[in-house]
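As recorded in TrEMBL, the features of this protein are as follows:
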type	residues	note
DOMAIN	3-120	domain 'Response regulatory'
MOD_RES	ASP55	4-aspartylphosphate
REGION	240-344	region 'Disordered'
COMPBIAS	245-302	compositional bias 'Low complexity'
COMPBIAS	303-327	compositional bias 'Pro residues'
DOMAIN	511-609	domain 'HTH araC/xylS-type'
Amino acid sequence: MYRVLLVDDEPFIVEGLQDALDWSSFELEIAGTAGSGRAALELLRRRPVDLLITDITMPGMSGLELIREARKLLPELKVIILSGYNEFDYLKEGMSLGIENYLLKPVSFQELRSTLSASVAKLSAAPAGAPVLSPEEKGILRDRILFRWMRGDIDPIELGQRAELLRLPLGQPWLCAATARHAASGGAQARRLVDETLGEREAPLRFSDLDGDEVLLFLGGSPEEARARARAALERLAEADASWRAGGSRPEAGGAGASSGAAAPPGSASGPAPAPPGSAAAMPAPGPARPGSVSGPSAALPAPGPAPAPPGSASAPPAPGPDPAPPGSAAASPGTGSGLDSAPVRFSLGTAERIGELEQRSYAFAKKAQDYHLLHAGSPILDAAELRPSASSTDEPLEIGGDAYSRWLLARDTDALFTRVDDDFLALQRREGATPELLKSAAIELVVAFRLELRDMKGGEQSQEVLFQFKKSLDRISRASALEELTDAVKASAHFTMELLQRSDRVPIVSQVVQHVAERYAEPLSLKSLGATYHIHPAYLGQLFAKETGAGFTDYLNRYRIERAKDKLRTTDDKVADISQEVGYVETGYFYKQFKKYVGLSPNEYRELR
């Protein structure tokens, strides 16, 4: 992203410019604003920018004086002048300073957009020695460009320009995509593993997608070479992950297994290591079906169409806060004590495809192969090319739910119900012809059955909070990449259902507040105002709310509003400033801060990845 500094002594001009454009669509970000030339110069000394947009007439230091001084600091700085005066002398002097354009107020946004596009094109084509992106910004831009490439959303010319700017090694004709997933950490552990095992030298083409997967792209002069590099890298990563979880030392980036000779070529991994036990190279066939109450039809691993779209339909859980891990679930098990989650990182390998033709298929196949970890629990690496549909299948209908589950829900018999969930899904996993889709369909049916049981037993309409909790379980099911993640989601839903059946409901006043937030989150809300509405002391209300929901009121409200904002960013083209107002944030800057805190991306960055 290129950095922009906005300078004008009229605050409403600066605010209007910030809100009127989607700056990220130009690969630009607002790095700062200033109300005078001197303040702007001080900002430039502390943090250089690539583009300066300044008023020409300001008290103290004029825009022209600012440009002269700024050019002493940043000779390649691009400048756009804003002025309310159509004076030839101003225009002449501005042109002599090498400005990009001289725009008259009120600004024509069409002309401004055109000027920004031209300025960014010049920055992209700038020679070595020109202002460069910071490492963090370069990483963000690399993620975005590679993700758009694998989605098929970038044309070859733009890809080539961005690759040259970021020095991405795209000089070979074949590509093989691979993914690393660690759902329990939201992908953080997979990124750390890749960083410390391969590093930038051996994995320069990598990005994090919206599912939290770490995606690695390996190139080669032939399909065999591209696949061999990807396979070797995944085998090293699997060995390193197993060593970490066993309490071993962490490998250095490019170490453990890297050759001591010449550096590996960009995009490659050093020599192949032996396939770890259970890898796709020696993948055991699923065991024989055992008696169980769950069965269903099979489906082949389909040839995917376009690469998977970012999660939108079943992602971004709307209810604030994580689901509590049910007793006995894998999510509730302790870690290794090494600061790492005990669950393994799971890897998948796509097909080798020719660049410029069907390279997106490699990513799509790698994503599809990840789902098959639901069926191959002991295999750290799954290869899409080795996953074949079973020769036989069953057309028996699914048989889940039923009287047994109802009895255990009513009896609050957690152990019996959880054991039945494990047994049923293990039986389904072992059915010949089973597919990830079949397991997920069975899990969804159970969660829906729990919700219907709750409705039948308690009667009446279910609150928004209850509906959100069930939707969170469905979201977890859609993201599950291992059997224990799937069954944990079902168990969490069952546990929640039992809790609701066990008590008449939470403290009524807290239920009222939760419903109030769901219906009026866009309004100014605080414990003080809610206390006045419901005739209760704010401090006592805060204590009750935290005890019943497990979250402070302010944190709960912010999470709720941010989830609503994410929905709007995914599904509408409304301006960020408008969305900020619609979800209850009067100050756009504060909204940006909260969104970054809870999501890890700015609103514009999040929207760009939809």
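Just so you know, glycine gets a Cβ as well, placed from its N, Cα and C.
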Under 8 Å by Cβ from ASP55 (4-aspartylphosphate), same chain, sequence gap 6 or more: VAL7, ASP8, ASP9, GLU10, ILE13, GLY63, ILE81, LEU82, SER83
Helix, strand and coil residues within the domain 'Response regulatory' (3-120) as assigned by DSSP: 56 helix, 27 strand, 35 coil
DSSP helix/strand/coil residue counts for the domain 'HTH araC/xylS-type' (511-609): 74 helix, 0 strand, 25 coil
